[in-house]
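This report refers to the structure that appears directly beneath it.
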Amino acid sequence: MPGGCSRGPAAGDGRLRLARLALVLLGWVSSSSSTSSASSSSSSAPFLASAASAQPPLPDQCPALCECSEAARTVKCVNRNLTEVPTDLPLYVRNLFLTGNQLAVLPAGAFARRPPLAELAALNLSGSRLDEVRGGAFEHLPSLRQLDLSHNPLAYLSPFAFSGSNASISAPSPLVELILNHIVPPDDKRQNRSFEGMVAAALVAGRALQGLHLLELASNHFLYLPRDVLAQLPSLRYLDLSNNSLVSLTYVSFRNLTHLESLHLEDNALKVLHNGTLAELQGLPHVRVFLDNNPWVCDCHMADMVTWLKQTGVVQGKDRLTCAFPEKMRNRVLLELNSADLDCDPILPPSLQTSYVFLGIVLALIGAIFLLVLYLNRKGIKKWMHNIRDACRDHMEGYHYRYEINADPRLTNLSSNSDV
C-alpha cells in the first residue's frame with residue numbers, strides 16, 4: 001500500500017495549486033470589470049451633464065420692472081413707463097396688469113408666445129396711453145375672459161382688434177367682459193373718421209364677441225349710437241352707456257338683447273324716448289334701465305313716455321326723473337305730470353315759416369344797402385346836419401328876441417307907439 005500512500009499527497013498539492021490559480025483569475029476579472037465600469041461611468045458623466053445643461057430652464061421667471069406672484073397667478077407691471085409688452089412673461093400668469101405705462105401701439109400678436117400664455121384670463125391695459133390697437137392684437141390668448149382698455153386715447157381701433165387679423169376665418173373670441181370707458185381721443189387725433197363708427201366696427205366684425213356678457217362704454221362723448229352697434233352681441237347682460245352725450249336712441253335697436261339685465265343711460269343728453277324704443281325696452285324680460293340726470297323736455301312729445309313710466313317696472317328710480325325744459329316745467333317730477341300739463345307751442349306751417357325766413361333775408365339786405373349808402377354819403381350828410389343846426393339856432397334866437405319884447409310892457413307900448 002505504499003504506492004497509494006505516495007499518490008495521496010501529490011494529488012492534494014495539485015488541487016491546492018488549481019484552487020490558487022482560480023482565485024488569481026477571479027481577482028483579475030473582477031478588477032478588470034470594475035475598472036471598465038468606472039471608466040464607462042466616468043466617460044458618461046460629461047454627456048449627462050451636457051444633456052442637463054442643454055435643457056431650457058422652466059419659464060417661471062419674472063420680467064424686469066414687474067412684480068410676480070405664482071401663488072396668485074398674477075403679474076403686475078404698473079406705472080413702469082413700459083413702451084412694449086414684456087416678452088418673458090411667466091406661463092403661469094392668469095391676471096396681468098400693464099397699467100400706467102407708455103405703450104402707444106399694440107401691434108398684431110402683442111401677446112403671442114411659444115408656448116402660448118394659455119392661462120391668461122384677465123388683462124388690464126388701462127391708462128397706458130395707447131392710441132392704436134391693431135388687428136389681431138389679442139390673438140393666441142385662448143383663455144382671455146376680461147379685457148380693460150379704459151382711459152386710453154384710442155385714435156385707431158382696428159375692426160379686427162378683438163376678432164383676429166382675419167375675421168372671416170378666426171374663431172370666436174373668448175372674451176366675456178370688455179371695458180372701454182373713456183377711450184375717446186382728442187379732436188386733433190380723430191383722423192377724420194367717426195369715433196362712434198370706429199368703435200361699432202370693432203364690436204361687430206366677424207361676430208367674434210357673441211359670447212360677451214359685459215360691455216362698458218361710459219364717458220366717451222358719444223353723440224349717437226350706430227344702427228348695428230349691438231346687433232352682434234346677443235349674449236350681452238350688462239351695458240353701460242352712462243356719461244355720454246346721447247341725444248336720442250331712435251336708430252339703435254335693443255330687440256335682440258334678450259339676456260340684457262342692466263342698461264345704464266345716466267348722465268346723457270336724452271330729451272325723450274319715443275314709442276319704438278319704449279316698446280323694445282318693455283319687450284326685454286329681465287332688463288333694468290337707469291335714466292337719471294338727463295335733460296327731459298316736458299312738452300307734448302313727452303306724453304307717451306310719461307304714460308309708459310307710470311305703467312312699467314323696467315325703469316329704476318323713475319320717481320327721481322324730473323323735467324329740465326321748458327322753464328315753466330323745470331324740476332317737475334315726470335310721474336306727476338298729466339296730459340294737460342304737456343303742451344307744445346303752436347307750430348307755424350312750413351310755407352309760412354319759409355315766407356318769414358325770406359322776409360327776414362330781404363329786410364337784412366335792405367338794411368345793409370341803407371347802411372352802405374349812409375357810409376358813402378357821410379360827408380354830405382355831415383354838412384347837411386350842420387346846416388340844419390345853424391338854421392335851428394337862428395330860428396331859436398329870433399324866437400327868444402320876440403319873447404323878450406312881448407314880456408316887457410314898456411317895450412310893448414313903445415312898439416305900439418312906433419306903429420302909430
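Just so you know, glycine gets a Cβ as well, placed from its N, Cα and C.
Here's what Swiss-Prot has on this protein:
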type	residues	note
TOPO_DOM	35-355	topological domain 'Extracellular'
DISULFID	CYS62-CYS68	disulfide bond
DISULFID	CYS66-CYS77	disulfide bond
REPEAT	233-255	repeat 'LRR 6'
REPEAT	256-275	repeat 'LRR 7'
DISULFID	CYS298-CYS323	disulfide bond
DISULFID	CYS300-CYS344	disulfide bond
TRANSMEM	356-376	transmembrane segment
Cβ contacts of CYS77 (disulfide bond) (under 8 Å, same chain, 6 or more positions away):
PRO63, LEU65, CYS66, GLU67, PRO86, LEU96, PHE97, LEU98, ASN101
Which listed residue (CYS68, CYS298, CYS300, CYS323) has most other Cβ within 10 Å, given these are disulfide-bonded residues:
CYS298
Closest of the disulfide-bonded residues to CYS298 (disulfide bond), Cα to Cα, picking from CYS62, CYS68, CYS344?
CYS344
Contact set, same chain, for the repeat 'LRR 7' (256-275): CB under 8 Å, 6 or more residues outside the stretch:
218, 230-231, 233-250, 281, 284-297, 301-302, 304-305, 308, 325
DSSP on the repeat 'LRR 6' (233-255): how many residues come out helix, how many strand, how many coil?
0 helix, 3 strand, 20 coil
Three-state secondary structure of CYS66 (disulfide bond) from DSSP?
coil
Per DSSP, three-state class assigned to CYS77 (disulfide bond):
coil
Can you tell which of CYS62, CYS66, CYS344 has the least company, meaning the fewest other C-beta atoms within 10 angstroms of its C-beta, among these disulfide-bonded residues?
CYS344
CYS300 (disulfide bond) and CYS68 (disulfide bond), Cα-Cα, nearest whole angstrom:
61
Given the disulfide-bonded residues CYS300, CYS323, CYS344, find the one whose Cα is closest in space to the Cα of CYS62 (disulfide bond).
CYS323
Roughly how many Å separate the Cα of CYS323 (disulfide bond) from that of CYS344 (disulfide bond), to the nearest whole number?
14
Based on DSSP, name the secondary structure state of CYS300 (disulfide bond): helix, strand or coil.
helix
